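If you check Swiss-Prot, you get these features:
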type	residues	note
TRANSMEM	33-50	transmembrane segment
BINDING	122	chlorophyll a ChlzD1 binding site
TRANSMEM	122-137	transmembrane segment
BINDING	130	pheophytin a binding site
TRANSMEM	146-160	transmembrane segment
SITE	165	site 'Tyrosine radical intermediate'
BINDING	174, 193, 336, 337, 346, 348	[CaMn4O5] cluster binding site
SITE	194	site 'Stabilizes free radical intermediate'
TRANSMEM	201-222	transmembrane segment
BINDING	202	chlorophyll a PD1 binding site
BINDING	219, 268, 269	quinone binding site
BINDING	219, 276	Fe cation binding site
TRANSMEM	278-292	transmembrane segment
């Protein structure tokens, strides 16, 4: 019997199969774009989410300070949604990479807070892949790349508190806990140890967040209030709007005229591109600065301080808000890790 096996057909089928797979991955017609970055993003974020939910519910107490006094963060150990958290890795681990195979067993890995590193590292890498996917999808559609630049702001902010700060402080136990009250605890301790409220870059971040909220509300309300009416007065404005139409749906000149007279002329934009660039750039740049500030304070380049009180020519103390802030910082610091050391560094 003649052998009819043909290797060229096998390679052709293989190429056609992989061509189909690659075409599906890179297709911009899918309901959910995948892309090369999506191959990384989807499994990483799924793993991070599943591990976070499981740890939040079931994880046993973690020896966060490395002094054999475990702290419980899971719901099954008496916490609620507010007090629960994924507790950071033990101070005994430091900044060592701590996958499960580095522990003697799974119980030891849980006791030392290995779940924190697992969730944080998978999440940061997954979020980075999401940012890359934003660029990739925009590239496929012929769009400009600024969407992924904007997303870099929350990504670098998360990286600052989850990665850079623990590295600078020498231990992942100093990272931000993955919970509501844990976040507040992190903020209070950060203020106590670094005086972040007096750091110029944090001030820029506050201006970015609150200013961005204000500008967003102003822009949305102005646009909604200056829609071009294409219908009779008894019909909704939406009836005269067709999705994808070339004509603008609102009058920027009317909005500009209104706001220019409400405040003053040059407080209002008359160019849509400049306006939307400003709306994107303001919060993004401010959050970049905050992330940079946290990253520098990670290495103890702290906010402005007033460690020496104000005194008059006779040597008498002149009470100021700086004294109150210092006392508040010391009070927060003595309550932080109160069993791990006898005195805070500022008092020792």
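From the backbone N, Cα and C atoms, a Cβ is placed for every residue, glycine too.
Note that the structure is predicted; figures quoted are calculated from it, not measured.
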For residue 337 ([CaMn4O5] cluster binding site), which residues of its chain lie six or more apart in sequence with Cβ-Cβ distance below 8 Å? 65
Within 10 Å of residue 165 (site 'Tyrosine radical intermediate') (Cα to Cα), which of the binding-site residues 174, 219, 276 do you find? 174
Please name which of the binding-site residues listed here, 174, 202, 219, 268, 336, is nearest in space to residue 276 (Fe cation binding site), Cα against Cα. 219
Roughly how wide, in whole Å, is the group 219, 268, 269 that binds quinone, by largest Cα to Cα distance? 10
Which residues, same chain and not among 219, 268, 269, have a CB within 8 angstroms of the centroid of the CB atoms at the recorded quinone site? 218, 222, 255, 256, 259, 270, 275, 278
Candidates 122, 130, 193, 336 (binding-site residues); nearest Cα to residue 219 (quinone binding site) turns out to be 130
I need to check the long-range neighbours of the transmembrane segment (278-292): which residues 6 or more away from its ends have a CB within less than 8 Å of a CB in the stretch? 146, 149-150, 152-154, 156-157, 159-160, 201-202, 204-209, 211-212, 215-216, 219, 269
Excluding the flanking five residues on each side, which residues at least 6 beyond the ends of the transmembrane segment (146-160) place their CB within less than 8 Å of a CB in that stretch? 123-124, 127-128, 130-132, 134-135, 138, 280, 283-284, 287-288, 290-292, 294-295, 298
Which one is it: of the recorded positions 122, 194, 202, 268, 269, whose Cα lies the shortest distance from the Cα of the residue listed as 'pheophytin a binding site'? 122
Return the residues near the residue listed as 'chlorophyll a ChlzD1 binding site' by Cβ distance under 8 Å, restricted to its own chain and a separation of at least 6 in sequence. 44, 45, 47, 48, 51
Tell me which of the binding-site residues 202, 268, 269 ends up closest to residue 193 ([CaMn4O5] cluster binding site) in space, Cα to Cα. 202
Taking the Cβ of residue 130 (pheophytin a binding site) as the centre, how many other Cβ atoms fall within a 10 Å radius? 19
Where the distance is taken from Cα to Cα, which of the recorded positions 194, 202, 268, 269 turns out closest to residue 336 ([CaMn4O5] cluster binding site)? 194
Number of Cβ atoms other than its own within 10 Å, given for residue 269 (quinone binding site): 19
